[in-house]
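So the structure is just underneath, and the comments pick up after that.
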Amino acid sequence: MTDTQQPELTEDGRQRRTIKSFVMRAGRMTEGQQRGLDKGWPLFGLELEDGLRDFDQVFGRSAPRTFEIGFGMGHSTLEMAAAAPEQDFIGVEVHKPGVGALLNGVMAHNLSNVRVYSCDALEVLQGCVADASLDRVLLFFPDPWHKSRHHKRRIVQPAFAELVRRKLKIGGVLHMATDWENYAEHMLEVMNAAPGYRNLAADGTYVPRPEERPVTKFERRGERLGHGVWDLKFQRQE
């Protein structure tokens, strides 16, 4: 899934300067994706400029709330939202074709529990999401930036962990997944050292793939080729 922009943050999670953890890609819009933007955005799109939001008011109810960083083409978001109509989902993605694809799917499935931002997810967390208001934060298959000189671009850093911790409710969970073992090790190192979290893995490493995380076509292909996927779950304790 597509990563987000990585601002360099201070220890308390405030933005210092911008480091990109994604590369903007030009891409054609399909008819369905364009329809999603044209017709779906006025119904389900949210703007960063609107600032702090009361999501109970946005969704018209109080329900368990999931925030997904970088939903790519939106397949997993759509599957999760359709399977859990009692929950609300806020998805953030910078690439317009993916935004259009998700919105088109939301309309096709007649879903009312999805809202979408098309901008930097960390700016949304900082400026639009109240502290202690999220039940889950999802980060599935972010850009691994596998070259050592690019590791600073990885979104999972100590300040990211602190920002997410502030936005999660006590007992809320950060769920990450990656198919790069080195990035999984990096995630584990950062999160095990992050204050205020508990690793939900029994052995303090990785959890088995949770049933609620959809399996993507890329993951299935990787499994056929013998590639691994690592899931991490960390729960806010304080």
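Every residue, even glycine, has its Cβ placed from backbone N, Cα and C.
DSSP assigns D143 (S-adenosyl-L-methionine binding site) to coil in the three-state reduction, placing it in neither a helix nor a strand. Residues annotated as S-adenosyl-L-methionine binding site in Swiss-Prot, with sequence analysis given as evidence: E68, E93, D120, D143.
According to Swiss-Prot, the feature active site maps to D143.
If you look up Swiss-Prot, you'll see K147, D179, T216, K217, F218, E219 marked as substrate binding site, on the strength of sequence analysis. K147 (substrate binding site) has a Cβ environment of 8 other Cβ atoms inside 10 Å.
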Greatest C-beta neighbour count within 10 angstroms, which of the binding-site residues E93, D120, D143, D179, E219:
E93
